[in-house]
Amino acid sequence: MSVSLLVAVGVLFAAGTVLLLERTLTRVLLGVMLLGNGANLLVLAASRAGAPPIVGVADPERMTDPLPQAMILTAIVITLGMTAFLLALAYRSWLLTGHDEVQDDAEDRRVRELADRDEGSDAEALEAPR
Amino acid sequence: MTWLVPLPVVMPLLGAAATLLMFRRPRVQRAISVSVLTATLVVSAALLVLAAGGPLVVAVGGWPAPLGIVLVADQLATLMLVVSSAVTLCVLLYSIGQGGADGDEEHPLSVYHPTYLILTAGVTNAFLSGDLFNLYVGFEILLAASYVLITLGGTETRIRAGTTYVVVSLLSSVIFLAGIGLIYAATGTLNMAQLVERLDALPDGVRLVLQGMLLLAFGIKAAIFPLSAWLPDSYPTAPAPVTAVFAGLLTKVGVYAIIRTETLLFPGGRVADLLMVAALSTMVVGILGAVAQSDIKRLLSFTLVSHIGYLLFGVGLASRAGLSAAVFYTLHHIVVQTTLLLVAGLVERRGGSTALDRLGGLARTAPVLAVLFLLPALNLAGIPPFSGFLGKLGLIQAGAGEGSALAWLLVAGSAVTSLLTLYALARVWNLAFWRTPATDPAAAPLRSSRLMVTSTAVLVVAGMLFTVAAGPLYALTDTVAADLLARSPYVRAVLP
């Protein structure tokens, strides 16, 4: 396991986490991509390095472990799909609102305002003229 | 009979392909989906009967374990399969009924049926998986489908809610994948049966890190406090049947993964105290959130979070009685939570809204709806003799049997949560059903088709059946718990 790979994983995770905490969806998307690549590198770092895993070309004892590479391929495909979906979400959000910032939930705000005014949701409901 | 094992995964996937090809013909789509899910239910029931004689194992692709990927149908997995496929079938019928009532029978969203079937395939794959990476793939299948379903139609509120959901789920997937990478680095395998031996041989500190990574990933998916804030924000805006199936199944897949990994891979209760504290705070914080809400769907999302705490309580106890009650409660909660959200969908159509301050007098104007709400509500709150009471009783007995101070604290917490659940649901009952109806009726009610009401009623009755069949079911979950704790039946079945 090589230290440089692990350092690269650390940098990718750190940068990805910072971007994930942003409010703009495009930055979140970049964060998700960095995190995904970091995880892929981590899986790669988990495998034994060596000769190409092709029977007849290399001695089986010295072959690299092919299983993590197969898993990374699967993970890459999944990340690709998710990236496409997030891009579509960001575009849709831009079409509808003109920006791609993730807003607070409206109902959350309402419950919080009621609490600030020290009124339960019941009180409000029951006082409404019926 | 092991050839039956892959069918619950394969059939919905093939069905999804078929319904996708038939996107111009909604009638054919509906026929395919219903028959596929009915077949899945039948196969799951058959598997449950067969699994009584020991776990059924299939090496997919012909490579024997631990080289190939295995699907393992033991009693826990098949129990979850039966309940989840019954619930998905009922919700599918409800959504078909909704399409019929809205008159969009000829022009429904053509992606709904394929996506719904893929969601089912992801859920069944996660239940049957005997390999950590395949479990990850199962999660990704169901999550990818759920992303599409939660943003269905692409309205502004759904995009906003969907964004939160997608980003949080992606984060949990990355953590899960990193955990898998670390486990592979430490042990050189991902087959769960083989991991049993190899993880036991690892130093304690390494094991704790690996366990923490998996718990974190599954904790987000299962919505355990403090990882639960995304759920009440994102679920309520989706269409009623989608919210119902998400609330019933998706968090429970996370709980199932926790039960499986905590008992099989990391036994010994090293994080038992952590799990118990998380269980207590999930219960209490969740139900206090529910009490503050004034919208039925959001209120039910908070009770969902709160009751995940009960399931975690049983896992944290890690005793036979605790696990048995946790499995029982999981099965009961899948059905009851789904039912209540379907009823909330019916209420929304009848009263034009799910906001409590706009509803009123439904008990008089819609008596059937009132009965459909009242029974599962009492069941969820844990009124005797319903199964919600029996599940909570089992957990409380197991907690009292454990006898530690923390266990007693959780027993008290469970009782308080149960009472507050009753209070929250009684508020819904008083405001939406009981008080005098508004003089100015809101917008004209949308018609609910007979199919919608029938499928909800079937689920209500299914919830009652848990009460009637509680004795045999508890006996079954007791053997499940014994097998989980023994670990050897699973390992011997996979690696003979």
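Placed from the backbone N, Cα and C atoms, the Cβ positions cover glycine too.
Annotation source TrEMBL lists transmembrane segment at B:6-23, B:109-127, B:133-153, B:165-186, B:206-231, B:238-259, B:271-292, B:299-319, B:325-347, B:368-386, B:406-426, B:451-475 (among others). Positions annotated as domain 'NADH:quinone oxidoreductase/Mrp antiporter transmembrane' by TrEMBL: B:129-415.
Between the transmembrane segment (B:271-292) and the stretches B:109-127, B:206-231, B:325-347, B:406-426, the greatest number of Cβ pairs separated by less than 8 Å involves B:406-426. Contact count against the transmembrane segment (B:133-153) (Cβ pairs under 8 Å) is highest for B:165-186, out of B:6-23, B:165-186, B:325-347, B:368-386.
Taking Cβ pairs closer than 8 Å, the transmembrane segment (B:299-319) reaches residues 222-225, 228, 231-232, 235-236, 243, 247, 251, 255, 258-259, 262-263, 267, 269, 272-273, 275-276, 278-287, 289-290, 293, 325-327, 329-330, 333, 337, 340-341, 344, 380, 391-392, 395, 398-399, 401-402, 407, 410, 413-414, 417, 421, 424-425, 428, 485 in its own chain, all 6 or more past its ends.
The transmembrane segment (B:368-386) is in contact with the transmembrane segment (B:451-475), judged by 3+ CB-CB distances under 8 Å for residue pairs 6 or more apart in sequence. Remote same-chain partners of the transmembrane segment (B:165-186), defined as residues 6 or more beyond its termini with a Cβ less than 8 Å from a stretch Cβ, comprise 132-133, 136, 139-140, 143, 146-147, 150, 195, 199, 202, 206, 209-210, 213-214, 216-218, 220-221, 230, 233-235.
Within its own chain, the transmembrane segment (B:6-23) is flanked in space by residues 29, 32-33, 36-37, 39-40, 43-44, 47, 58, 60, 71, 81, 85, 110-111, 113-115, 117-118, 120-121, 124-125, 128, which lie at least six positions past its ends and keep a Cβ under 8 Å from the stretch. Using a Cβ-Cβ cut-off under 8 Å and counting only residues 6 or more beyond its ends in the same chain, the transmembrane segment (B:451-475) has close neighbours at 86-87, 90-91, 93-94, 96-98, 100-101, 324, 328, 331-332, 335-336, 338-339, 342-343, 345-346, 368, 372, 375-376, 379, 385-387, 390, 394. Tertiary neighbourhood of the transmembrane segment (B:325-347): same-chain residues 76, 79-80, 83-84, 86-87, 90-91, 94, 98, 239-241, 243-245, 247-249, 252, 255-256, 259, 296-297, 300, 303-304, 307, 310-315, 354, 359, 362, 369, 372-373, 376-377, 379-380, 387-388, 390-392, 394-395, 397-398, 432, 448, 452-453, 455-456, 459-460, 462-463, 466, 470, 473-474, 477, 480-481, selected by CB-CB distance under 8 Å and a gap of 6+ residues from either end.
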